[in-house]
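Since the structure comes first, as structure tokens, the remarks are kept for the end.
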Amino acid sequence: MHFQLLGLAALGSLAAAAPAPSRTSELVERGSSCTFTSAAQASASAKSCSNIVLKNIAVPAGETLDLSKAKDGATITFEGTTTFGYKEWKGPLIRFGGNKITVTQAAGAVIDGQGSRWWDGKGTNGGKTKPKFIYAHKLQSSTIKGLHVKNSPVQVFSVQGNDVHLTDITIDNSDGDNNGGHNTDAFDVSESNGVYITGANVKNQDDCLAINSGENIEFTGATCSGGHGISIGSIGNRDSNTVKNVKVADSTVVDSDNGIRIKTISGATGSVSGVTYENITLKNIKKNGIVIEQDYKNGGPTGKPTTGVPITDLTVNGVTGSVASKATPVYILCGKGSCSDWTWKGVSISGGKKSDKCQNIPSGASC
């Protein structure tokens, strides 16, 4: 009996002396399900978790909610309201990355950039240094779905990856319409192969979509309001200057400067090929219903097209609707021989005034 008591006491001492499991090992042992309430905690420990819940996180000023090291196959869920401290810096405020990642949100959640603190009407062209919102970079076979994002300081999503799906995303920067919001692009896509954006609902002050380079890109079922329209370009003077196999379809552009557009940089080299705009409805477009021009320089048109970025195998099919009284339904400004193999049908845009400045319109198209 005395021996048994001593044995039990010894066992108890050993148990007491054993080190407590680390926070990381606890997460792994519990099936890798983690709820975080701070950005630092999430960024440091996300790689240990298969299911990540971000609950009412207030990201400190000048810091990134960095989820780029999430483990393969992880699911990231935003709950409540995610906010960010104020600082003049380049950002991003959030970073995603990884393989087979799913990013989603709980019902009623919102990611609020509180952009009015930075808005000054200048965007990225001066004034306050403004952080970009969300980098979705180095994503492979991943999905971002159902997010509600509002009040971005400047550009919202920067997308670089392969086989990336962005589904049913709401971007509401409408507060910036009368408060100095500028350069609030919804989706900037570059250096990607396979990006599929479906069901986006966007209110902003710049491009709803801007494709700067990449291939096999689809943008379908979108509603774009208040910005600059659905764009390819400007193409040229980047590390990658090729855009091919793009489909934009079944979408509506409302109260925007432009409906659909392709713009290439004057004097640059590159290519745009295999682009289809199909079944696009335009409403109250302020400047150009359809605009395709090869004359951009220093952020604006020059009126003098160049031929270094040819636009070939373009299909414009079923683009209909209206432009404002002072707008132009269609504007085409191509270099000599640098726009070819176009298919143009079912284009019917009412209102505005026909342009007399179109140049080198390819066979089959009309201006």
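In case you wondered, yes, glycine gets a Cβ from its N, Cα and C as well.
Database features (Swiss-Prot):
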DISULFID  C34-C49  disulfide bond
REPEAT    161-191  repeat 'PbH1 1'
ACT_SITE  D206  active site, proton donor
DISULFID  C208-C224  disulfide bond
REPEAT    214-234  repeat 'PbH1 3'
ACT_SITE  H228  active site
CARBOHYD  N279  N-linked glycosylation site
DISULFID  C334-C339  disulfide bond
DISULFID  C358-C367  disulfide bond
Who are the long-range neighbours of the repeat 'PbH1 1' (161-191) in its own chain, taking Cβ under 8 Å and residues 6 or more past its ends? 115-116, 119-125, 136-152, 154-155, 197-214, 217, 219, 224-227, 238-240
According to DSSP, does C358 (disulfide bond) fall in a helix, a strand, or coil? coil
Considering every residue in the repeat 'PbH1 3' (214-234), what is the mean pLDDT value? 98
Are there recorded positions among C34, C49, H228, N279, C334, C358 that sit within 10 Å of C208 (disulfide bond), Cα to Cα? If so, list them; otherwise say none. H228
Quick one, of the disulfide-bonded residues C34, C224, C367, which Cβ has the fewest other Cβ within 10 Å? C367
Which number gives the other C-beta atoms within 10 angstroms of the C-beta of N279 (N-linked glycosylation site), all protein chains shown included? 15
What subset of the recorded positions D206, C334, C367 lies within 10 angstroms of H228 (active site) at the C-alpha level? D206
